[in-house]
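Pulled from Swiss-Prot, these are the features on record:
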BINDING   Lys22, Asn23  phosphoenolpyruvate binding site
BINDING   Arg93, Arg122, Pro123, Val124, Asp125, Leu126, Asp308, Leu330  UDP-N-acetyl-alpha-D-glucosamine binding site
ACT_SITE  Cys117  active site, proton donor
MOD_RES   Cys117  2-(S-cysteinyl)pyruvic acid O-phosphothioketal
Amino acid sequence: MDYLQITKSPTLQGSVSISGAKNSALPILAATLLSQNEVTINNLPDVADVKTLAKLLEHLGVNITWHKPTSLTCLAENIVHTRAIYDIVRKMRASILVLGPLLSRFGYCEVSLPGGCAIGARPVDLHIKAMEKMGADIQIKGGYIIAQAKGGLKGADILFDKITVTGSENVIMAAALAQGKTHIINAAKEPEVVQLCEILSQSGVKIEGIGGNELIIYGTGGELLNFAPICVIPDRIEAGTYLCAGAITNSSITLENVENNHLSAITDKLEEIGFGFNKSEHSLTLLPAQSLKPFEIITTEYPGFPTDMQAQFMALATQCEGTSVIEERLFENRFMHVSELQRLGADISLKGNHATIKGISPLLGADVMATDLRASSALVVASLVSEGTTNIHRIYHLDRGYERLEHKLQHLGVNIVRLKS
């Protein structure tokens, strides 16, 4: 099994190109199930999760041609299965995204209950209740969601009790081919959701309210869609992770291929800590701070501070002068990285969904274990300032969401190698 070995790094320098957003690529891939034409998708991130979903689509009967690791063409005219099997779905929670498109197009599907990061319960109840509201009969048997909509899905008023990104995306795709109007209240408005809506809108689905938390979708009544070529938006979480790597070493680095307006919550917090920025249309340069001030974070839905960045900022907090506080409001059990950061010497105390981090903590390299995707990136960030050598194990979590991580970090001057145990 692979692991990463990182030796304390000097000040970083140079530039890094940000990959396409994994969390946009996955619903876009699922949405190709709604198409009647060949769909070309560019700027895909070369990560395990994208390959997993592509494999699932191929199992269903989608013809996929890879042009390069970041570009493919899908043709979904000959779907032969509507059963998303456990062997593939168990590897990634986002596989649930095929539920809406399959049910909307075929009126029947079976989708294995998903796997992925072990972060709290993250139930699929919200997806199921919404589909039932649209006329589906759903049962859970033998670890599968078995969904049937005789006569097809019908538009409905969907009120999400809690904002859910994948739930919103699933219902948006289900509503695309449904009969009549679907009104989604309390929809997620992350950039990845917005891109999905924009693509469907350009493909023949009338959608009102894009970018807000109320959406009205006029379904095509079963008529399949025509997609133009798609370019996946840049990954704001990957960008934020590299900003934290630059920040913890108090370096000046440049990110290329970014959407600065998607990064406001992250860059605002870094400015509060003491960093500056030079911004141009699609690039961003981090400027060093005179000193690193402590901070407070409350994770919340977009445009608030993203839960996918709290672990990396926790690593950064160990080098800030004073006490920082992080409150996690979106997911339970999302502090699993704390014990591993403590192994490096971090002074962190937990109380419920609050973490208190005292800095400045001198960190010392050790063997640590990744527990989920973003927690593993926090260990990478912390290891950059840890004396000696840090070995990060179970990095298959990193490979799920970060493209060529060690190569990009090496380009910035990090002493990092991938080894086999």
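The backbone N, Cα and C atoms fix where each Cβ goes, and this holds for glycine too.
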Q: Show which residues of the chain containing Asp308 (UDP-N-acetyl-alpha-D-glucosamine binding site), separated from it by at least 6 in sequence, have their CB under 8 Å from its CB.
A: Ile237, Gly240, Arg374
Q) For Asp308 (UDP-N-acetyl-alpha-D-glucosamine binding site), which DSSP three-state class applies? A) helix
Q. Near Leu330 (UDP-N-acetyl-alpha-D-glucosamine binding site), which residues of its chain come within a Cβ-Cβ distance under 8 Å, counting only those 6 or more away in sequence?
A. Thr299, Thr300, Glu301, Thr307
Q.
What whole-number Å value do you get for the CA-CA distance of Lys22 (phosphoenolpyruvate binding site) and Asp125 (UDP-N-acetyl-alpha-D-glucosamine binding site)?
A. 23
Q | Fewest other Cβ within 10 angstroms of its own Cβ, chosen from the binding-site residues Lys22, Arg93 | A | Arg93
Q. In DSSP terms, helix, strand or coil for Val124 (UDP-N-acetyl-alpha-D-glucosamine binding site)?
A. coil
Q.
Please report the distance from the Cα of Arg93 (UDP-N-acetyl-alpha-D-glucosamine binding site) to the Cα of Asn23 (phosphoenolpyruvate binding site), rounded to the nearest angstrom.
A. 11
Q | Inter-residue Cα distance where the pair is Asn23 (phosphoenolpyruvate binding site) and Asp125 (UDP-N-acetyl-alpha-D-glucosamine binding site), in Å | A | 20
Q. Just counting, how many other CB atoms are there within 10 A of the CB of Asn23 (phosphoenolpyruvate binding site)?
A. 25
